[in-house]
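*Asks:* The structure's right below; bear with me while I get my questions together.
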Amino acid sequence: MARHLITSAIPYINGIKHLGNLVGSQLPADLYARYLRARGHEVMFICATDEHGTPAELAAAKAGKPVDVYCTEMHEVQAEIAAGFRLSFDHFGRSSSAQNRVLTQHFAKVLAEHGLIREVTEKQMYSVADGRFLPDRYIEGTCPNCGYTSARGDQCDNCTKQLDPVDLINPRSVISGSTDLEMRETKHLFLRQSEMKDKLAAWIDSKTDWPVLTTSIAKKWLFDGDGLQDRGITRDLAWGVPAQFEGAPWQGMEGKVFYVWFDAPIEYIAATQEWADKTGGDWARWWRTDKGAEDVTYTQFMGKDNVPFHTLSFPSTILGSGEPWKLVDYIKSFNYLNYDGGQFSTSRGRGVFMDQALGLLPPDYWRWWLLSHAPESADAEFTWENFQVSVNKDLADVLGNFVSRITKFCRSKFGEALPEGGLWGEREIALIAELATRVREYERLMDEKEVRKAATELRAIWVAGNEYLQAAAPWTVFKTDPAQAAAQTRLALNLVRLYAVLSEPFIPDAAATMLAAMQTEDRSWPGDIRAALEVLPVGHAFATPEVLFRKIADEEREDWQNRFAGTRD
RNA sequence: GGCUAGGUAGCUCAGCAGGUUAGAGCACGUGACUCAUAAUCACGGGGUCGGGGGUUCGAGUCCCCCCCUCGCCA
């Protein structure tokens with residue numbers, strides 16, 4: 001038994017996430033967590049909402065609510081949806097927690113003591129009417145290049161030219177529309193990542209087993225152009241972890257907070273502290289190598305947009321502190337999931353969002369499709385046709401129908417209990433051999449976090465059951481040798497339990513239904529396959545379950561296709 | 001423009017320490033079976049492995065050039 005710390009990139013508080021966000025971090029993290037628990041390991045699976053920053057402030061203002069109230073509400077919404085997808089977090093925290101404030105300030109202070117923070121005075125656009133500094137993208141004006149009137153301070157959406165806010169003609173605040181803007185001096189803290197460059201490079205180089213996607217992005221940022229740049233870790237905002245605090249090694253940072261990318265990853269640790277405070281557990285044995293975490297394996301899951309923060313920035317914080325914090329062991333990153341020929345778009349409401357998905361079908365349908373099509377080697381694409389075909393074929397026909405055919409067969413010929421008699425022959429021995437090979441391969445792929453390939457192997461395990469039934473044909477054997485048919489039926493019914501155990505990480509609800517139907521609580525992971533197929537003994541009663549997975553009809557699919565093509569209401 | 005990852009059967013993808021007739025699922029065709037959610041199982045048709053050079057006895061698999069897609073950055 002080993003100890004595994006697993007974190008999923010934390011979703012931003014602003015709004016409900018779409019399926020692309022889900023499959024990029026939370027869902028594969030959950031798959032891995034469930035698998036490791038099933039194998040008997042000790043798991044700490046952490047996620048949280050990322051709550052600080054300007055977008056949260058603006059969304060709250062738009063909703064007419066204080067930002068803290070807004071975040072509390074949205075956190076509850078996201079927690080509920082996560083539960084709806086059966087994401088099995090040990091704790092779903094909040095980056096606005098008191099624990100994170102203390103820890104973030106602690107890290108900043110320690111980093112400063114190690115000379116890794118420097119103060120930088122720069123000029124930034126200030127909106128007198130709004131009473132605040134404006135981030136570049138919250139300033140709009142006319143593009144000096146193409147004349148587009150809604151060009152943003154960082155880039156013109158029309159001609160794609162990169163801009164500086166001062167370039168804009170007639171600049172105005174996106175927040176209030178005010179044109180009363182001026183350049184003011186402001187002071188910020190910068191994390192001296194450039195000092196950490198060599199150490200980070202050596203560390204990344206040592207990770208030869210990481211996905212190429214992860215290491216190539218890290219190396220790009222490390223070596224491209226002038227190399228790894230220092231980054232500002234404070235902003236002129238009210239909503240966040242205050243950058244001026246008691247005992248801070250600097251002065252004059254009043255009214256400023258730490259930037260989200262600095263405090264968000266620290267929330268992984270803080271969320272574990274939140275968990276500890278709630279449950280009385282010990283967070284330090286997961287995070288402090290001087291307090292029991294030296295044998296922990298830490299795996300992070302994230303979309304590719306988050307890779308720079310997790311390979312460079314957060315490690316700079318961890319390593320730079322000089323304290324014995326647990327550093328990540330493996331970073332599993334994902335490409336993007338596109339939607340029917342284009343991108344999912346939160347702002348334009350294009351694609352399927354998590355709450356909407358659950359309104360259409362139960363979580364297992366989505367979990368199966370998303371995981372079996374996870375964008376590991378390249379960007380992947382969601383289409384309704386593909387979704388319909390995969391779900392109908394894999395879940396309804398191959399797995400669901402297998403459970404259905406054998407339970408109903410047994411019920412009609414022998415009754416609802418495992419029948420007695422008969423012996424296993426060559427066919428059964430061959431099946432056991434095939435399953436043994438496949439289950440070991442499935443384990444290997446799950447250990448390697450090869451999500452798509454694991455799904456393929458699992459499906460092949462389901463298919464093996466159908467092949468066996470088709471070849472053994474107990475319905476024919478029954479006519480001449482009922483005892484032999486009984487042995488075959490007994491084996492197949494035991495397969496249902498085995499499938500439930502193996503499939504649980506992908507489709508937890510269906511797995512629970514299958515175990516309930518087999519009237520067993522035995523979820524033990526199969527070591528010896530032969531033994532695993534004798535867990536349910538002769539005479540063990542079962543209940544013929546309802547249809548495990550219903551099929552998606554063509555009309556339904558077309559309806560959904562139309563409904564989600566445009567914008568979200 | 002620079003960089004990353006891709007461009008393999010109609011579709012979604014696997015394969016690549018270079019080596020006999022390039023694989024899987026879906027879709028399609030034929031057959032088997034009738035226990036089952038008109039499900040399942042078997043067999044089959046289908047690919048000049050983006051294009052062009054090169055290295056090699058031999059290249060989707062290595063090298064060079066070009067074209068296309070996606071994303072990141074300037």
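Note that Cβ sites are derived from N, Cα and C of the backbone, with glycine treated the same way.
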*Asks:* With the ranges A:223-227, A:228-232, A:343-347, A:348-352 to choose from, which does TrEMBL describe as motif ''KMSKS' region'?
*Replies:* A:343-347
*Asks:* Can you check which of A:11-21, A:121-131, A:132-142 TrEMBL lists as motif ''HIGH' region'?
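*Replies:* Going through A:11-21, A:121-131, A:132-142 one by one, TrEMBL gives motif ''HIGH' region' for A:11-21.
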*Asks:* Have a look at A:180-207, A:264-291, A:376-403, A:432-459 and point to the one annotated coiled coil in TrEMBL.
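*Replies:* Checking TrEMBL against the ranges A:180-207, A:264-291, A:376-403, A:432-459, the coiled coil one is A:432-459.
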*Asks:* Under the DSSP assignment, what numbers of helix, strand and coil residues are found in the motif ''HIGH' region' (A:11-21)?
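*Replies:* Looking at the motif ''HIGH' region' (A:11-21) with DSSP, the answer is 3 helix, 2 strand, 6 coil.
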*Asks:* Pop the mean pLDDT for the domain 'Methionyl-tRNA synthetase anticodon-binding' (A:418-569) in here, whole number is fine.
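*Replies:* Summarising the domain 'Methionyl-tRNA synthetase anticodon-binding' (A:418-569) by its mean pLDDT gives 93.
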*Asks:* Take the Cβ of A:Cys143 (Zn(2+) binding site) and count every other Cβ within 10 Å, whichever protein chain it belongs to.
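*Replies:* There are 22 such Cβ atoms around A:Cys143 (Zn(2+) binding site).
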